[in-house]
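Visitor: Pasting a structure here, questions to come.
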Amino acid sequence: MEDVRRRNRGHPLLRSKKRGEGYNHGFSPSQIQSLAVICQTFLPPETTSEQQAVNSFHVASSTQPPFTDEVAEMIVKNGRSEAVKVLRIILMILSFRFGTLLLCGSLCLDKSWPFVLKFSQLPLDKREAILRNWSRQSGFLLPFRITFFLAKFYTLFYFFSQTDENLKNPALEAIGYCIDGTERSSNKKSEADEKRRPLEKGIIETMHESDVTITQSLTEKGVHVARDDGDNVYRIRCDAVVVGSGSGGGVAAANLAKAGLKVLVLEKGNYFTAHDYSGLEVPSMLELYEKGGLLTTVDGKFMLLAGSAVGGGTAVNWSASIRTPDHVLQEWSEGSKIKFFGSQEYQSAMDEVTIRIGVTERCVKHGFQNQVLRKGCERLGLQVESVPRNSPEDHYCGLCGYGCRAGAKNGTDQTWLVDAVENGAVILTGIKAERFVLVDNTSSSNERKKRCVGVFASSVGGKIGKKFIIEARVTVSSAGSLLTPPLMLSSGLKNPNIGRNLKLHPVLMTWGYFPEKDSEFSGKMYEGGIITSVHHMNDTESGCKAILENPLIGPASYAGLSPWVSGPDLKERMIKYGRTAHLFALVRDLGSGEVMMENEVTYRTTKKDRENLRAGLRQALRVSVAAGAVEVGTYRSDGQKMKCEAITKEAMEEFLDEVDAVGGVGTKGEYWTTYFSAHQMGSCRMGVTAEEGALDENGESWEAEGLFVCDGSILPSAVGVNPMITIQSTAYCISSKIVDSLQNKTKV
């Protein structure tokens with residue numbers, strides 16, 4: 001068992017790390033004291049009379065040092081600066097008696113001198129009442145709700161993510177959450193095979209490099225590099241440079257390298273293999289996702305999940321591999337007039353993609369959540385379909401969102417990038433593109449005013465002080481829909497479509513509790529394939545459409561995002577975590593957003609989007625009830641839920657009538673929720689003219705010759721299903737066109 005545990009520890013970056021130095025949150029002692037009391041209110045200790053089996057959890061509290069400092073550190077590092085400022089002010093005011101009176105009202109009054117108590121002196125029941133009241137505030141009192149959300153989320157998120165040096169957390173053990181050997185035990189590969197690094201021959205990890213070693217490492221990989229001490233840069237020459245290694249970048253790099261071009265891939269994240277993945281929720285999120293998986297829209301309404309490691313989103317996606325729907329292709333080819341979407345070329349590209357990433361159509365064994373979805377649909381007479389996956393039919397990994405520890409999921413790091421390095425491509429990790437290098441275009445055969453001649457980049461998190469200038473004949477941006485537009489805008493491009501038309505596939509979640517005793521469903525919510533089933537809801541009467549599927553949601557995320565009404569209620573939710581099946585409703589959005597700068601995303605849903613989500617939520621709840629849930633609910637801030645035992649049809653419909661797609665944390669209403677997006681598209685779309693898109697039909701910038709885009713930002717609108725196959729197929733077509741355009745030109 002100890003051998004298994006050692007093998008499951010994973011890469012040091014994917015494990016909980018002991019803090020080796022002081023804190024940088026900047027909170028004063030009085031602010032920390034106020035925050036500590038708020039943390040303890042969210043997760044208070046209880047009496048030791050609780051049943052012994054979960055005693056270690058029920059008596060657990062969030063007051064032990066250095067808990068509050070860690071929470072403060074996470075808030076400052078990941079929270080939006082405006083929200084953090086609000087929190088600091090409120091924490092300071094709460095440290096005074098009359099400040100507490102101002103913010104908390106009569107609940108802080110006492111019969112004894114000095115008659116007004118500080119927040120830290122209030123009994124638990126009054127503190128809970130104050131926090132519940134803050135959660136309901138809006139308008140000019142919105143800062144209270146923001147404080148509530150920030151403190152609640154990070155308190156619970158950290159509590160259920162911290163582990164000791166043995167990767168243990170008593171709270172996780174108490175709720176029955178155990179991942180030791182979950183996927184690897186079923187994997188027949190030897191330890192030597194697990195440790196194999198498929199990209200080894202072509203990868204340079206700059207976190208292991210310095211200014212002394214980097215030139216030699218590049219030269220050994222066949223890359224032309226010169227050290228320019230005058231400009232304090234490394235000048236690199238290649239045929240093609242690709243920024244990003246996800247769905248688009250991986251495919252583009254492979255096609256360009258196979259054509260004999262010297263390709264350099266820049267990836268700001270790190271490289272991990274199956275042996276490296278720990279399966280630990282928060283350490284994995286912090287390393288594998290953009291902004292640690294904690295990126296939100298400016299108003300806090302959406303949480304945005306986007307991959308940020310070698311393989312990009314394909315390293316952390318949930319395996320769904322769905323071809324572009326025919327009606328979407330028709331819309332794009334006829335409505336948007338992008339003809340290749342309606343061509344045989346695109347169909348052939350989808351064929352090539354599905355073959356290369358090993359898409360299978362069947363699932364041998366469904367996990368707990370998918371069993372619930374299938375049974376509920378069956379009992380309601382609803383059609384449920386199997387979801388194609390880029391993994392074997394017997395793949396039973398419920399933690400692929402933290403990297404596939406079985407090594408069975410065929411992301412670009414296992415497929416297209418392997419093809420690329422086998423054909424001489426080099427991947428530089430820990431390198432962030434800062435801007436494209438644009439010069440005046442003197443070509444008489446091209447109307448574009450600028451010409452892209454490469455990328456200006458820098459090392460992140462390593463010991464390399466000099467910048468990089470990569471000179472290339474072709475530059476491909478595959479940084480994703482959240483990062484390609486800011487990169488293009490920071491380079492001086494001005495097309496009005498850059499950064500606009502962002503689509504998110506908005507998601508809202510429901511849950512249903514299924515006690516293990518006498519249940520027809522086996523397993524835990526985190527076991528088995530994440531998405532193996534789907535129900536396409538299409539209400540002909542209302543015209544509402546949504547898809548229902550199951551998510552991965554780890555205990556820390558579940559605790560942080562679940563509605564909070566009291567400490568005991570939260571602990572009860574967590575005890576039920578393993579047998580709480582989640583269903584989400586996803587819609588093909590008509591609304592859109594903007595991303596002009598990194599981490600600055602705005603988005604607006606339309607009335608129709610909200611109607612679709614509302615219908616999807618109600619359908620998901622019906623499915624859970626039909627499957628036999630004893631209790632169901634939503635993520636609405638007040639803890640909206642319903643007991644299902646002996647429920648009448650009338651009572652259920654009355655409950656469902658109250659279910660709605662309420663606004664986000666910044667909404668004016670009393671109730672709010674958190675929306676999610678794991679698919680970002682359209683923020684640098686193609687168009688037949690510069691007025692209709694930022695790129696032409698070949699994926700080339702209307703403003704800069706030689707600058708192409710191969711990622712989800714290029715898509716004309718939302719796909720309506722997981723966009724991985726669509727992005728890879730589009731990148732396949734575009735990169736093939738790039739090769740054709742260069743075939744008669746001399747390589748570098």
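Sequential numbering from 1, following the chain as shown.
Even glycines carry a Cβ here, placed using N, Cα and C.
Okay, these came from Swiss-Prot:
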- HIS679: active site, proton acceptor (ACT_SITE)
- 238-253: FAD binding site (BINDING)
- 1-18: compositional bias 'Basic residues' (COMPBIAS)
- 1-25: region 'Disordered' (REGION)
- 89-109: transmembrane segment (TRANSMEM)
- 140-160: transmembrane segment (TRANSMEM)
Visitor: For the transmembrane segment (89-109), find every same-chain residue at least 6 residues outside the stretch whose CB is under 8 Å from a CB in it, and list them.
Guide: 27-28, 30-31, 33-35, 38, 115-120, 122, 126, 129-130, 143-144, 147
Visitor: For GLY248 (FAD binding site) and HIS679 (active site, proton acceptor), what Cα-Cα distance in Å is obtained after rounding to a whole number?
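Guide: Cα of GLY248 (FAD binding site) to Cα of HIS679 (active site, proton acceptor) measures 14 Å after rounding.
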Visitor: Counting other Cβ atoms within 10 Å of each Cβ, which of the binding-site residues GLY244, GLY246, GLY248, GLY250 scores lowest?
Guide: GLY244
Visitor: May I ask for the distance between CYS238 (FAD binding site) and HIS679 (active site, proton acceptor), taken between their Cα atoms and rounded to an integer number of Å?
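Guide: Rounded to the nearest whole number, the Cα-Cα distance is 32 Å.
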Visitor: Restricting to the same chain and to sequence separations of six or more, state which residues have a Cβ under 8 Å from that of VAL242 (FAD binding site).
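Guide: VAL242 (FAD binding site) has long-range Cβ partners GLY249, ALA252, ALA253, LEU256, VAL263, LEU264, VAL265, LEU266, VAL476, SER478, CYS710.
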Visitor: Show which residues of the chain containing HIS679 (active site, proton acceptor), separated from it by at least 6 in sequence, have their CB under 8 Å from its CB.
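Guide: Residues satisfying the criterion: LYS503, LEU504, HIS505, GLY712, ALA718, VAL719, ASN722, PRO723.
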Visitor: For ALA240 (FAD binding site), which residues of its chain lie six or more apart in sequence with Cβ-Cβ distance below 8 Å?
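Guide: For ALA240 (FAD binding site), the qualifying residues are ALA253, LEU256, LEU261, LYS262, VAL263, LEU264, ALA472, ARG473, VAL474, THR475, VAL476, ILE738.
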Visitor: Would you find the one among the binding-site residues CYS238, ALA252 whose Cβ has the most company, meaning other Cβ atoms within 10 Å?
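Guide: Per the Cβ count within 10 Å, the most buried is ALA252.
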